Amino acid sequence: MPEEAETFAFQAEIAQLMSLIINTFYSNKEIFLRELISNASDALDKIRYXSXTDPXKLXXXXXXXXXXIPNKTAGTLTIIDTGIXMTKSDLVNNLGTIAKSGTKAFMEALQAGADISMIGQFGVGFYSAYLIADRVTVTSKNNDDEQYVWESSAGGSFTVKADNSEPLGRGTKIXLYIKEDQTDYLEESKIKEIVNKHSQFIGYPXKXXXEKERXKEVSDDEADDEKKDDEAKKDMDTDEPKIEDVGEDEDADKKDKDGKKKKTIKEKY
């Protein structure tokens, strides 16, 4: 029987800060990704330092990297790192029940007109996720604990429970359920642009990943058949996202020398 989720109340100042982030208009919302990548970098630093004295700490996932994966179908943007990750108590304490010393100071600064982009300097950058998401899940696996998932749609509380989904090995996966008016952040080109702008400041590879596709010319009839095949396979497709270099699109409609109308479709490979 699956473990019941435990519900926790956000510490009062954190709840106030989240309300301020959610209910105030900020123009430079993209800073959320810089903050989450920065947190991923810190987690990678921690496991790297710890492994210097105990190399076995890296065994569960040796590669040190961060990836951002937009998924238009699910309406999510996922940020994954192979850093030190969080135990259950880390999730409870660090993401809601114990206010960082900068929480109140940052709220006061915001109300005095400070820019939202300063959030990281106060140690509460994680909550910037709620600039563009109305629900956030944080799945994490630390070497010293089982895998747990934290979840909150704000509203004053969050849940934590044991997670039996795909094992991370070690690290953290943050899934942002993007608000309906923020779907720009599901565009791979937009994510790549922000990652390129901010990831130059971290010492690890930060990739934007997507399902890889290529253009293939087919006749209209073949295109219909391909579409049916693709729909039949969609539920069974469990391939990992792949890094994609975006190239130029070719003309969508062409005719071959027999006069048949050609269509360019996307083919997974």
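Including glycine, each Cβ sits where the backbone N, Cα and C put it.
The ATP binding site annotation in Swiss-Prot covers N39, D81, K100, F126. Sequence-distant contacts of K100 (ATP binding site), defined by Cβ-Cβ distance under 8 angstroms and a gap of at least six in the same chain, are F122, G123, V124. DSSP classifies K100 (ATP binding site) as coil under the three-state reduction.
The compositional bias 'Basic and acidic residues' annotation in Swiss-Prot covers 209-218 (among others).
Feature annotation from Swiss-Prot assigns compositional bias 'Basic and acidic residues' to 225-245 (among others).
Residues annotated as compositional bias 'Basic residues' in Swiss-Prot: 260-269.
The region 'Disordered' annotation in Swiss-Prot covers 206-269.
The C-beta environment of N39 (ATP binding site), restricted to residues of the same chain at least 6 apart in sequence and closer than 8 Å, consists of G125, F126. Listed in sequence order, A40, S41, A43, L44, X65, X66, X67, G171, T172 are the same-chain residues at least 6 apart in sequence whose CB falls under 8 Å from the CB of D81 (ATP binding site).
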